[in-house]
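Visitor: Let me give you the structure first, and then I'll get to my questions.
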Amino acid sequence: MSSPSSAHWLSLVGSVWLQTINGPNADFPVYSSQLKEVKGISQVQLNFLAFASDAGKLFGWFAGVAALYLPLWLVAVVGASFGLVGYGVQFLFLERSELAYWHLFLLTSLAGNGICWINTVCYLLCIKNFPSDSRVAVSLATSYLGLSAKFYTTMAEKLPRGATASYSKEKIYLLLNAVVPMLVTLMAAPSLRVVELKSRKRTDPAFLAMFAITLATGVCAVVGSIGSKSLGLSSKEHMVSLYVLLALPILIPAALKVRESMDKLREAKRDSRVHDVATDEPVTAVSVFEVEAENKDEEDDDATTGERSGQDEVGGLRLLRRLDFWLYFLSYMFSGTLGLVFVNNLGQIAESRGLTDPSTLVSLSSSFGFFGRLLPAFLDYYTAKSGYSISRTASMAVLMAPMAGAFFLLLDTRDMSLYTSTAVVGTCTGAIASVAVSATSELFGRKNFGVNHNVLVANIPVGSLCFGYFAAFLYQKEAHGGSRCVGAACYRDTFLIWGSTCAVGTALCAVLYARSRGFAGRLPPATPRAGRPWSANNEGPEATGTGV
């Protein structure tokens, strides 16, 4: 089996770093209350701003089209530029009356669309550079997206006071959201390229090392979220530890590069000893036999490929006419999207419960979301060798059930219930988002993956608008005309409706699994054959872009 080289792993490290900073909208709950006061807007208007970031996903397909014609590093830079403009203009003119509410909406939408461009680059690099382990690579990279809120809140809290004394809390976050993605994108740009797969040596140790680093990073994030001081670790030490662990994956391509250099030296010495040996007829005969055997293997593999393809390749208008699509669309909207709406409202939920600093809840949700996104990578890695994996639709149904329970648990007014529910919702939302990337190709094939998944994620802005607006309406109703609502009643009805909706989503996904279990979980052969390296030209249908 061919395996990735140091260049492939360098692209994965670049994707990991991009994903870490590619969730600037995740810190919105931390400063949303301050933004609400500065601009004098209502709770309903504030929820529309949260929706604005998701609305950018409606135009995410532009990123997929651009990736077909532009270098991937340029696509990433364009996405970071959108964020620089979207958040940068807000930072510069936030306190001026000239910056109207509709300006904020459009700028936030622009920044949200920029997130799609960077995600497109990360997905394509993982799919093209790791064809045999694309699910594992995608899950590993996207798991770091769950750390974005933790990354930004940690950085904002530990910036030198002298540099931030003249800026309010909301402006500090807007500045970081604008500048950090551009700096990291420019730093990672040289690694963002598709490389042909030629090496035949397994890199299982590299995956195991990446899993170990990723686990350590997640543990560090959780420790910092729950309370590093209680464990004798200062907040500064925690920040340094987190940043060191985020930088540590670069050692994997460095180690592989050293190994490749040593292999080249040994091969050069071997060639120098046998360069004068002539090739005789028997060797030629064996070579011909090997070529014939290889051709026969290719024919057998092609036949096997046809037998293992359990579902039709669906795309375009056919997709919208499929019952499976609408079951998938609604079940995702009633679970993963609902979890995102919950996170967007964490600032007001914490405020209504009497918590002064919502950053703790946001960091907790981010840290557990990281583990949720990482879980599918573990399962895929250890089951891929059998030719089967756990069905994506079954996984989503299993993940939705505890989410529904977590929403009902929020009816309990104790702080412990709030923290527990936040952790559960964060974990399940992250896992569902990671699983959905592979579920689209499992259900509707790989040929039109880019278009299909962009149509699916349209549920995010739709759900964000519907659920967010309804939560804001009930919040405003309980505030009795005021701008703030305090007490358990502020979100009581909202939690009841969210829990019931998620339960319906669980049932829909169970029906979807029952309809698709004939082919669910089967892995199409993705291993390149000997003598036929993977490239952008022969990678296959999954090379199409997606702007998730």
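Yeah, the Cβs are placed from backbone N, Cα and C, and that goes for glycine too.
Annotations in TrEMBL come from automatic prediction, not curation.
Sequence annotations record features per position, and here TrEMBL assigns domain 'Nodulin-like' to 8-253. Under the heading domain 'NFD4 C-terminal', TrEMBL lists 312-519. Taken from TrEMBL, the feature region 'Disordered' applies to 524-548. Taken from TrEMBL, the feature transmembrane segment applies to 58-87, 99-124, 136-152, 172-195, 207-227, 239-256, 325-343, 363-382, 394-411, 423-444, 456-475, 495-514.
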Visitor: With pairs 6 or more apart in sequence, are the transmembrane segment (325-343) and the transmembrane segment (423-444) linked by at least 3 Cβ pairs under 8 Å?
Guide: yes
Visitor: Residues sitting near the transmembrane segment (394-411): Cβ under 8 Å, six or more positions beyond its termini, same chain?
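Guide: Contacts of the transmembrane segment (394-411) (Cβ under 8 Å, skipping residues fewer than 6 from its ends): 331-332, 334-335, 338-339, 342, 372, 376, 379, 417-418, 420-421, 424-425, 428-429, 431-432, 435-436, 439, 488, 491-492, 495-496, 498-500, 502-503, 505-506, 509-510, 512-513, 517, 520-521.
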Visitor: Can at least 3 Cβ pairs under 8 A be found between the transmembrane segment (423-444) and the transmembrane segment (172-195), with each pair 6 or more apart in sequence?
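Guide: Contact between the transmembrane segment (423-444) and the transmembrane segment (172-195): absent.
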Visitor: Taking the transmembrane segment (239-256) as reference, which of 136-152, 172-195, 456-475 has the most Cβ pairs under 8 angstroms?
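Guide: Maximum Cβ contact count belongs to 136-152.
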Visitor: Let me spell it out: take the transmembrane segment (136-152), skip the flanking residues so only those 6+ beyond its ends count, and list any with a Cβ under 8 Å from a Cβ in it.
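Guide: Same-chain contacts beyond the ends: 12, 15-17, 19-24, 26-27, 30, 122-123, 126-127, 129-130, 173, 176-177, 180, 207, 210-211, 214, 217-218, 221, 224-225, 242, 246, 362-363, 365-374, 376-377, 380-381, 384, 426, 430, 433-434, 437-438.
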Visitor: Can you tell me which parts of the same chain pack against the transmembrane segment (58-87), counting only residues 6+ beyond its ends and a CB-CB cutoff under 8 A?
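Guide: That would be 18, 24, 107-121, 124-125, 174-175, 177-179, 181-182, 184-186, 188-190, 192-194, 450-451, 454, 457-458, 461, 544-548.
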